[in-house]
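Here is what TrEMBL says about this protein:
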- 73-91: transmembrane segment (TRANSMEM)
- Gly79, Ala81, Val82, Asn86, Ser319, Asn351, Leu416, Asp419, Ser420: Na(+) binding site (BINDING)
- 103-124: transmembrane segment (TRANSMEM)
- 145-172: transmembrane segment (TRANSMEM)
- Cys184-Cys193: disulfide bond (DISULFID)
- 236-253: transmembrane segment (TRANSMEM)
- 265-289: transmembrane segment (TRANSMEM)
- 309-330: transmembrane segment (TRANSMEM)
- 350-369: transmembrane segment (TRANSMEM)
- 404-424: transmembrane segment (TRANSMEM)
- 445-470: transmembrane segment (TRANSMEM)
- 476-499: transmembrane segment (TRANSMEM)
Amino acid sequence: MLTETAPVVLMSSVVAPEKPTSNTMGPKEVELILVKEQNGVQFTSTTLVAPAPTQTHPSGEEERETWGKKIDFLLSVIGFAVDLANVWRFPYLCYKNGGGAFLVPYLFFMVIAGMPLFYMELALGQYNREGAAGVWKICPIFKGVGFTVILISLYVGFYYNVIISWALFYLFSSFTSELPWVHCNNTWNSPNCSDWADNSSVGDIYKATPAQEYFERGVLHIQDSNGIDDLGRPRWQLTSCLGVVIVLLYFSLWKGVKTSGKVVWITATMPYVVLTVLLLRGVTLPGAIDGIKAYLSVDFLRLCDAKVWIEAATQICFSLGVGFGVLIAFSSYNKFSNNCYRDAIITSSINSLTSFFSGFVVFSFLGYMSHKHNVALDKVARDGAGLVFVIYPEAIATLPGSSVWAVIFFIMLLTLGIDSAMGGMESVITGLIDEFKFLHKHRELFTLFIVVSTFLISLFCVTNGGMYVFTLLDHFAAGTSILFGVLIEAIGIAWFYGVDRFSDDIEEMIGQRPGMYWRLCWKFVSPCFLLRLAYAITPETEHHLVDNGEVRQYTLHHWMVV
């Protein structure tokens with residue numbers, strides 16, 4: 001501040017020329033300098049000073065929100081990829097398709113397709129800093145693929161949340177001195193209910209165990225519906241559980257990766273703790289070793305069956321979670337220089353090891369059930385909801401302290417489901433927010449809109465006839481559509497955007513180009529794996545020629561002739 005003044009003051013302002021900056025459109029700070037001359041006249045000098053530039057992406061866009069810690073991202077990806085299918089699908093496929101021999105096609109497809117596609121999606125999201133639709137600014141004609149995978153993730157949420165609500169219902173039901181699926185003397189039981197102990201009824205197709213009737217009649221109330229045209233009203237018990245799941249999802253997602261990155265510390269690690277505890281208990285049960293031997297038994301003759309290879313390929317696609325837009329969404333919040341190559345190897349490997357490890361847990365209990373009821377293992381081995389909501393609860397019910405073990409088991413199912421559901425929701429939210437920029441300022445409200453919409457649609461699945469709706473969604477929401485989406489995605493990147501340009505992008509991020517192996521997989525192997533090319537480009541009347549290796553579409557003359 002100046003304390004001396006002159007009788008007459010002439011003010012003259014001198015404006016310094018603006019310094020060029022890289023952020024010319026950003027806000028400027030004004031610097032005012034007062035200078036006192038000897039004759040008492042004061043001069044002011046005004047200068048426009050640009051503030052310190054914010055971190056920007058090489059494309060010139062402002063830096064995106066990032067994960068709080070690197071481990072938050074890894075746990076989120078692992079939590080999404082490791083879901084209920086690792087427990088209720090892979091062990092049964094392994095047992096059914098040659099035991100240890102099934103690992104041959106499984107690992108083969110993991111190496112030639114699973115990991116390359118996993119790596120591709122992580123790199124795609126990290127470089128472009130956008131969700132599943134926005135990343136296609138690299139090749140706008142494929143933007144429809146982005147909206148397709150967002151829509152598929154939304155469809156999956158309609159029924160996947162219902163599975164979590166079943167697990168929550170079972171968890172609440174386990175806090176009793178006697179589990180409700182032990183006996184046949186409950187109000188929901190039918191005259192066909194019969195304990196496993198009655199060996200004469202095991203082969204009777206009209207008989208049902210208490211655990212089976214509890215799931216079908218006590219939880220789902222299928223007996224109160226005549227079909228999909230007779231759904232009835234939502235049942236308040238399951239509706240309440242579904243509401244709790246939706247609330248958990250909302251408060252895990254409403255603030256973005258800053259909140260979801262903390263939730264996965266529990267939901268992604270808890271299943272491993274519980275699986276280890278269950279394995280330690282399972283291997284001590286009589287008959288457990290026989291179950292594990294059946295799980296690991298090697299039958300290489302099964303590898304001659306094409307169906308075994310097809311099931312291995314399908315399991316790879318769905319177990320890793322490629323094609324749902326989740327990996328793209330998660331990686332878009334990484335730092336630009338993050339080593340996505342290492343992340344792809346680590347997380348995809350952990351997913352496969354978890355699937356294999358869970359088989360020991362599942363088959364130790366299945367071996368115990370086979371021994372206890374003196375029936376063949378294939379009588380108790382099954383996959384899907386029947387395994388985790390019928391067979392496993394029935395096995396747990398026979399243990400000392402069964403209620404405690406039931407609580408532990410259903411906590412595991414709950415955490416397995418929650419983080420996978422979070423991933424699917426994040427794919428939808430991130431994909432749409434990045435595409436419609438005005439939603440950025442209203443993420444909390446938009447997240448609320450998405451989860452409430454999902455809840456309202458899911459109500460159809462918690463009615464008396466809800467299992468019919470659930471089955472339709474399960475079979476048609478994310479089957480061939482996902483494989484087709486990943487196929488177009490791989491073709492769009494490898495053939496239209498270009499493997500060379502995509503490799504340049506990766507080199508810009510992590511400092512090294514992908515090796516020849518990865519580039520070949522992206523360009524040729526992975527698309528062919530997804531398309532099953534021989535059948536897809538050959539007329540149906542000539543499909544028998546595919547089996548004989550006589551497909552003319554693979555000859556040089558076919559491709560060159562005009």
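Including glycine, each Cβ sits where the backbone N, Cα and C put it.
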Fewest other Cβ within 10 angstroms of its own Cβ, chosen from the binding-site residues Ser319, Ser420: Ser319
Outside the transmembrane segment (445-470), six or more residues from its ends: residues with CB under 8 Å to it: 154, 157-159, 161-162, 165, 220-222, 224-228, 230-235, 238-239, 242-243, 246, 249-250, 253-254, 425, 428-429, 432-433, 439
Nonlocal neighbours by CB distance (under 8 Å) for Cys184 (disulfide bond), same chain, sequence gap 6 or more: Cys193, Ser194, Asp195, Pro210, Glu213
Recorded stretch, among 73-91, 103-124, 309-330, 404-424, maximising Cβ pairs under 8 Å relative to the transmembrane segment (145-172): 404-424
Candidate ranges 73-91, 236-253, 265-289, 404-424, 476-499 - greatest C-beta contact count to the transmembrane segment (103-124) (under 8 angstroms): 476-499
Selected stretch (most C-beta pairs under 8 A with the transmembrane segment (309-330)) from 236-253, 350-369, 476-499: 476-499
Additional residues surrounding Na(+), by Cβ distance to the Gly79, Ala81, Val82, Asn86, Ser319, Asn351, Leu416, Asp419, Ser420 centre under 8 Å: Ile78, Phe80, Asp83, Ala85, Pro271, Gly321, Thr354
Sparsest-packed among the recorded positions, when each Cβ's other Cβ atoms within 10 Å are tallied, from Val82, Cys193, Leu416: Cys193
Touch test for the transmembrane segment (73-91) and the transmembrane segment (476-499), at least 3 Cβ pairs under 8 Å: no
For the transmembrane segment (236-253), sequence-distant contacts whose Cβ falls under 8 Å of one of its Cβ atoms, 6 or more beyond its ends: 161-162, 164-166, 168-169, 172, 219, 259-260, 263, 418, 421-422, 425-426, 429, 447-448, 451-452, 454-455, 458-459, 462, 466
Local Cβ density at Gly79 (Na(+) binding site) - other Cβ atoms counted within 10 Å: 27
Beyond the flanks of the transmembrane segment (265-289) by 6 or more, those residues with Cβ under 8 Å of it: 72, 75-76, 78-79, 82, 354, 357-358, 360-361, 364-365, 367-372, 399, 405, 408-409, 411-412, 415-416, 418-419, 422
Positions on the same chain near the transmembrane segment (404-424), where near means CB under 8 A and six or more residues out: 76, 79-80, 82-84, 86-87, 153-154, 156-157, 160-161, 163-164, 167-168, 170-171, 174-175, 179, 245, 248-249, 252-253, 260, 263-264, 266-268, 270-271, 274-275, 277-278, 281, 321, 324, 326, 329-330, 388, 392-393, 396-397
